[in-house]
Every structure is written in structure tokens, then in C-alpha cells.
Amino acid sequence: MNIALFGPPGAGKGTQAKELSKYYNIPHISTGDILRANVRDGTELGLKAKQYMDKGELVPDEVLIGLIRNRLTEPDCETGYLLDGYPRTIPQADALTGILSDINKPLDAVINIEVSDDELVKRLSGRRSCTCGESYHVVFNPPEKEGVCNACGAELYQRDDDKEEVIRQRLSVYNEKTKPLINYYDDAGILVNIDGTGAVDAVFADICKVMDQFK
Ligand code: ADP
Ligand code: AMP
């Protein structure tokens with residue numbers, strides 16, 4: 001199954017994708033996680049991306065398009081993929097259509113997780129992340145042991161871009177550059193809207209109802 005999880009920063013894409021990837025046994029491809037790993041490793045890509053990420057801006061399209069092409073042609077995508085955080089602009093979506101046509105794996109669905117702006121700010125400002133890709137929330141989804149990842153035992157951290165002023169900027173970039181993709185995929189007939197305001201398990205169940213159609 002070939003799925004993209006869509007939605008504003010903080011909608012719950014990463015939280016859901018981690019579980020969905022295990023449940024359906026398809027790779028979770030988060031461009032944000034890939035970029036952050038490059039920042040941590042101090043690669044050329046990471047050094048370039050960091051200046052945009054710290055400001056809450058999007059990393060340039062040509063960088064992301066090359067990155068996603070490489071990732072989608074890795075062998076683990078043979079059985080499908082779960083995109084998280086890509087595409088984020090119309091040029092990225094156009095490029096994706098071309099890449100997926102080349103590898104004959106068109107998207108089955110784009111699942112748009114809907115959450116109000118007020119809730120997004122609360123979620124992002126309380127988010128605590130792990131380098132393994134897990135994310136938690138100090139109130140809504142706390143780890144079993146404060147400050148420690150349930151999955152790998154590493155110390156949790158607050159992302160630099162989860163500070164209040166950067167959060168506002170990211171939401172405004174989302175509204176300007178990414179939100180237009182809702183109409184783009186609606187016109188393509190593959191958009192499915194999901195209410196993302198319920199508990200993590202309830203949202204998971206709703207997404208599974210959609211994904212089960214493509215098993
Ligand atoms: P995204 O990947 O879309 O940016 P995350 O999955 O990292 O978002 O979730 C953002 C924050 O909201 C995290 O702190 C996460 O624990 C929390 N969160 C995710 N889903 C829910 C939910 N259904 N209800 C409450 N909090 C949630
Ligand atoms: P995320 O982890 O999805 O919230 O992404 C964190 C940051 O990484 C974003 O604010 C952007 O700076 C960058 N990023 C992730 N994915 C993309 C993308 N598809 N296009 C451009 N920038 C991206």
C-alpha cells in the first residue's frame with residue numbers, strides 16, 4: 001500500500017506513522033526525520049537544511065526531491081511506503097507523481113489529518129522527541145518514565161523548531177505553501193480527511209479503516 005500522511009505540523013503524522021508502519025509492515029519515510037539525522041551527523045545536506053529548519057522555513061524543493069527519489073527507490077519500498085512530511089509544496093507533489101510513475105507505485109491515498117490551530121500549538125509546544133523518531137507529549141502522551149523514550153531508552157529532547165515563535169512561523173508556512181495540496185489531491189480523487197482531534201488510538205483506528213482498503 002502506498003500512502004501519504006498529510007496535515008499541518010503537530011497533527012500527529014509522526015505518532016501515527018510509527019504505529020502504522022509496524023502494523024502494516026511498510027517503511028515510514030519522514031523527510032523531517034531524515035533531515036534531522038543529517039543535521040546530527042553534520043553532513044553537507046544537514047548543514048544546508050539546518051539554516052531553513054531553525055527558522056521554520058521549508059528546505060528548498062530541489063533538495064527534497066532528490067532526497068525522496070533516492071529513498072523511494074530503496075528495496076524496502078517494494079511492498080509499499082508511508083510518507084510523512086512530503087510533499088509540502090506543489091512542485092514537490094508534481095515531482096512525486098513523476099517519481100512514482102517511474103517506479104510504478106502511484107499513491108493509493110493521501111490521508112489528511114485535521115486539527116485546529118489552537119490544538120496544534122498546544123501539541124507542538126509540549127512535544128518531546130527522540131532521535132529514534134518517537135515523539136511524546138508532556139501532557140497528552142507522556143513517556144512511561146519522564147524524559148526517557150519508551151522505545152529505545154534514550155533521553156528525550158525538545159526540538160529547536162518547537163519553540164513558540166518558530167511554531168507560529170511553521171504554521172504560517174503550512175497555510176501558504178502546503179495547504180494548497182489539499183485541493184491538489186482532492187482533484188486527483190485520492191484525498192481522505194480524518195478528524196485528528198481524538199485520542200491517539202481513536203485516530204489510529206480511523207486511519208486503519210482507510211488503509212485496510214489497500215491491503
Ligand atoms: P507531526 O508529525 O504531525 O508534526 P507528532 O506526531 O509529532 O506530529 O505529534 C505532535 C505532538 O502531539 C506530539 O507531542 C504528540 O505526542 C502529540 N499528539 C499526537 N497525536 C495526538 C493526539 N491524538 N492527541 C493528543 N496529542 C497528540
Ligand atoms: P517535520 O519533522 O515534518 O515537522 O519537518 C521539520 C522541518 O524539516 C520542516 O519545518 C522543514 O524545515 C524541513 N522539512 C521536512 N520535510 C520537508 C519537505 N518535504 N520540504 C521542505 N522542508 C521539509
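Even glycines carry a Cβ here, placed using N, Cα and C.
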TrEMBL records G10, A11, G12, K13, G14, T15, R127, S135, Y136 as ATP-binding residues. Which of G189, G198 is assigned to the same site? G198
In terms of Cβ proximity under 8 Å, which residues at least six beyond the ends of the domain 'Adenylate kinase active site lid' (127-161) contact it? 10, 14-15, 18, 28, 30, 33, 36-37, 40, 53-54, 56, 167, 170, 200
In sequence order, those binding-site residues of G10, E57, V59, C130 whose CB lies under 6 Å from ligand 1: G10
For the domain 'Adenylate kinase active site lid' (127-161), what are the DSSP-based totals of helix, strand and coil residues? 2 helix, 10 strand, 23 coil
With every protein chain in view, how many other Cβ atoms are within 10 Å of the Cβ of R88 (AMP binding site)? 21
Near ligand 2, meaning Cβ under 6 Å from any of its atoms: which of the binding-site residues G14, V59, C152 fit that description? V59
Look at each of the binding-site residues, C130, C132, Y136, and point out the one with the fewest other Cβ atoms around it within 10 Å. C132
